[in-house]
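Here the structure is laid out as structure tokens; the discussion comes afterwards.
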Amino acid sequence: MHRSSFTSNETGILVPTIQNQYAFVPAPLPPPLDFATIATCVGEALQKLGELKGACRRLTNPYILVRPLQRNEALTSSAMEGTFTTDSHLLLAEAGLETDSDDSTREVVNYLNALNASLEMLASLPISHRVIKKGHEILLSGLSSTRGAQKRPGEYKRDQNWIGGRTIDGARYVPPPPAETQKCMDDLEAYLNRDTEASAFKKLIDLALVHYQIEAIHPFADGNGRMGRMLISLMAVHNGLLDMPILYISPAMEHHKDEYIDRMFNVSAKGEWASWIHFFCERICETCTSVIVAIDRIISLHENFRALASKSSRSSNPLIIIDSLFERPVITVSEAAEKLNVTYAAAKGTIDKLIELGIVEELPGLYPKAYYSPTIMHVSRPDPLTEAEVR
């Protein structure tokens, strides 16, 4: 890490670390901000969040949106750290139908589990060391020794880490040494739980500040990027910006990955907070717009599928399974029988009807047999938008 790159004393300090290198220790939040320079972009992001909340009210069951968004977030946030799996592998692992999942799929499932466990904890706890560490523990649980089992899940780092470069002397960025990490995280916890009534304007700015801060601290041996992006979703619900967990910005960040990394580095090196907040707000606007488009597609497809099923059968059973597929687009006959409270044969008849209508297809090579809706999987996944589309 080049000491000469760090020209701002306001953002943090450089301290000696291993191998005669230096590490960056970020200053506690909040930084000095010129609110006039960020007022417009923050206002636009708040407006988009309001539009997203309004669009969600059109959904009879909001979780037909939440679960696909969470899957997309888990896939994208993990892919940004070099962990890749597919939609179908993730769905099968979630449903317990893939018993030989590789570490990549397990890591993505872990991300989903960590996200939802953290949301449950926040119903009774503040955002704290306890919540962050527990989320990290779940994120890295059950992995092989090469993929996280030796990274001390749920514990802050004990060894110096760095970003970029195979060795520390070639690193682009070196976060705080282990001896500084607890103090940095104590300061962050205190900031997150300070006794002030913040406006929506400041709450949104906090999303950008806190995300930068935890990435700059890099408190864990592994999984820092995923935990930092997860915290955005958790904070948006916990601080009241949104009513439910529907803000997942990893796809938008991944679409601008190089700029994402550069903007955060420039906060540390040059104190460029305004540029980072502008970038962050633009990604929120992109995300909200893409999710609103996905909501329109989901509602339209849901109505079309229900109309198709209603015309072909007087039974309500196909409608029940259709609703279930929008929340999780894979199902077995046994699961259908349990949902419908009918015999296996009757449930198989319902699945066969949905196959006949082109709503579901059989997933090949599985026992017990499983069925999925590729159309639901496609329309439920928000697409990254260009800046022109956002405007």
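Counting starts with 1 at the first residue shown.
Cβ atoms here come from the backbone N, Cα and C positions, even for glycine.
Automated prediction, rather than curation, is the source of TrEMBL annotations.
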Exercise. Among GLU81, GLU107, GLU362, which residue does TrEMBL annotate as binding ATP together with HIS218, ASP222, GLY223, ASN224, GLY225, ARG226, MET227, GLY228, ARG229, TYR260?
Worked result: GLU81
Exercise. Which whole-number value in Å describes the distance between the Cα atoms of TYR260 (ATP binding site) and HIS218 (active site)?
Worked result: 16
Problem set entry | Euclidean distance between Cα atoms of HIS218 (active site) and ASN224 (ATP binding site), Å | 6
